[in-house]
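I have placed the structure first, in the form of structure tokens, so that the comments after it can refer back to it.
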Amino acid sequence: MACRGATMVALLLAAVAATCARAQLHDKFYSESCPSVEDVVRKEMVRALSLAPSLAGPLLRMHFHDCFVRGCDGSVLLDSANKTAEKDAQPNQTLRGFGFVERVKAAVEKACPDTVSCADILALIARDAVWLSKGPFWTVPLGRRDGSVSISNETDALPPPTSNFTVLTQLFAAVNLDAKDLVVLSAGHTIGTSHCFSFSDRLYNFTGMENPSDIDPSLEPQYMMRLKSKCASLNDNTTLVEMDPGSFKTFDTDYFKLVSKRRGLFHSDGALLTDPFTRAYVQRHATGAFKDEFFADFAASMIKMGNANPLTGSQGEIRKKCSVVNH
């Protein structure tokens, strides 16, 4: 089984290699200028996740949020004096790990000054967040440059957790991702937590009536009651809930088991059951019998997403600090 899984990964990764090459991204990009970059990043990741394993989910999410807005250019990391950057927008208010990314960047700068972009560091961090959570490992194509623009209202490009299937496919298509990428990457919800306000409309305000009986009928009743016991009202802005209860620190196929039983936390999770293709994928992997296949699919989709409109060559810059542009 392991050999077959390795073959699947190799074939799928080869299929996306040509796309990455056209964008001037490749895994040997820093082989001469900063050969230790992956070791430096991984050392920081191992140290951080040994102390706070729950940070893996947020770091993976940060890479998603970077790539869906302006491509994978590190723009989600930029600060703004007047609070108009991407990180200031409502969808990014719950992101965490910015300080950690700066710490990794400082370690990389110490090893290789003015060489490795924040966008590439974020891509490596996301890969290691998955791998160190017992998920797949993949070779990350590198060579991205950092952007200098970050605008809060451009976060409309991020798929909201309230999205239906039509909206999800449109937003994914905008970054060259298809329905398979959608269902595969949604399984990133197997690690991490979410605030109640990201899904509490399903519990108290599904049709706008704002009362305890205004529930999402697609939610499995027992799971709904469990969520209500944790999220007391629409006004709960602080409580965190495990997205994959019982294994939220482990990257596995349990996410698909939950979604197949109508226990996906977000409306966007439940939406995967409304399309024949994504429903069939969920049901296949809910069995747990095709872990290697899913891991290969996830690796391929992550590489595909990481190739979303990157700045390369002489475009952009290599930031000294991830939160501010160089000039």
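Note: Cβ is positioned from N, Cα and C throughout, glycine not excepted.
Database features, via TrEMBL:
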ACT_SITE  His65  active site, proton acceptor
BINDING   His189  heme b binding site
BINDING   Thr190, Asp244, Asp252  Ca(2+) 2 binding site
DISULFID  Cys34-Cys112  disulfide bond
DISULFID  Cys67-Cys72  disulfide bond
DISULFID  Cys118-Cys322  disulfide bond
DISULFID  Cys196-Cys231  disulfide bond
DOMAIN    24-326  domain 'Plant heme peroxidase family profile'
Query: Quick one: mean pLDDT on the domain 'Plant heme peroxidase family profile' (24-326)?
result: 96
Task: Rounded to the nearest Å, what's the C-alpha distance separating Cys34 (disulfide bond) and Cys118 (disulfide bond)? Just drop the number here, would you?
output: 14
- line: Least surrounded, by Cβ count within 10 Å, of the disulfide-bonded residues Cys34, Cys72, Cys118 is Cys34
Query: Which of these recorded positions is closest to Cys72 (disulfide bond) if you go by CA atoms: Cys112, Cys196, Cys231, Asp252, Cys322?
result: Cys322
For the Ca(2+) 2 site built from Thr190, Asp244, Asp252, further residues of that chain with CB within 8 A of the site's CB center: Ala187, His189, Ile191, Ser247, Phe248, Thr250, Phe251, Thr253, Asp254, Tyr255
- line: Smallest Cα-Cα separation from Cys196 (disulfide bond) among the recorded positions Cys112, Thr190, Asp244 is shown by Asp244
Message: Can you give me the Cα-Cα distance between Thr190 (Ca(2+) 2 binding site) and Cys322 (disulfide bond) in Å, rounded to a whole number?
response: 28
Message: What whole-number Å value do you get for the CA-CA distance of His65 (active site, proton acceptor) and Cys231 (disulfide bond)?
response: 25
